[in-house]
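The structure under discussion appears below in the form of structure tokens.
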Amino acid sequence: MNPRRKSRLKVVMAVLSGLAVAVGLTLYALSQNIDLFYTPSEIIYGKNNDPETKPEVGQRIRVGGMVVDGSVKRDDKTLKVTFDLNDIGPAIQVEYEGILPDLFREGQGIVAQGTLVEPTKLKATEVLAKHDENYMPPELGDQMKKQHQPMGISEADLKGKSERDATQISQPFGENK
């Protein structure tokens, strides 16, 4: 190979190597910002009731649902707030420290983004309130339709206090009674 061709090959290889590194770093950065969307029922049971698809403790997720009436507890000395969130099924607890949106209230639909710190507890870094009480985010509405239409929903389910949910949460993984 002549010297001119060698130098061209070196330049092409350097450009391709730089491009590969840039693509790799971009994909890594994007993977750090991907937050999967779940409903409270999907956190408890897994997507499509498959326990293998439950989010893991420590995973960053987004969860959407309704704030359970009577569940909002505020700390008098700090901006820390805890509340329960459900979607016609079991409720999960959300802990948030900061200023809540003006539209946040009990019975209101919200989306919380944060880290799952326990199987049924989310430490939120951001809380978004819906703008209209009749509005339902499309992804939340679709998930609720898919998951809850075939189920018999009781009044206790609507309030996040179903006995069936309590027994399933307390059972170790894979154990059926």
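First residue shown is number 1, and so on along the chain.
Cβ atoms here come from the backbone N, Cα and C positions, even for glycine.
The feature topological domain 'Cytoplasmic' is assigned by Swiss-Prot to 1-8, with sequence analysis given as support. Among the features that Swiss-Prot reports, transmembrane segment is placed at 9-29, with the record citing sequence analysis. Residues annotated as topological domain 'Periplasmic' in Swiss-Prot: 30-177. What Swiss-Prot records for His131, Tyr135 is heme binding site, and it gives sequence analysis as the kind of evidence. The region 'Disordered' annotation in Swiss-Prot covers 134-177. As annotated by Swiss-Prot, compositional bias 'Basic and acidic residues' applies to 156-166. Look at Swiss-Prot and you will find 167-177 tagged as compositional bias 'Polar residues'.
Counting residues of the topological domain 'Cytoplasmic' (1-8) by DSSP class, helix then strand then coil, yields 6 helix, 0 strand, 2 coil. Computed over the topological domain 'Cytoplasmic' (1-8), the whole-number mean pLDDT of the model equals 86.
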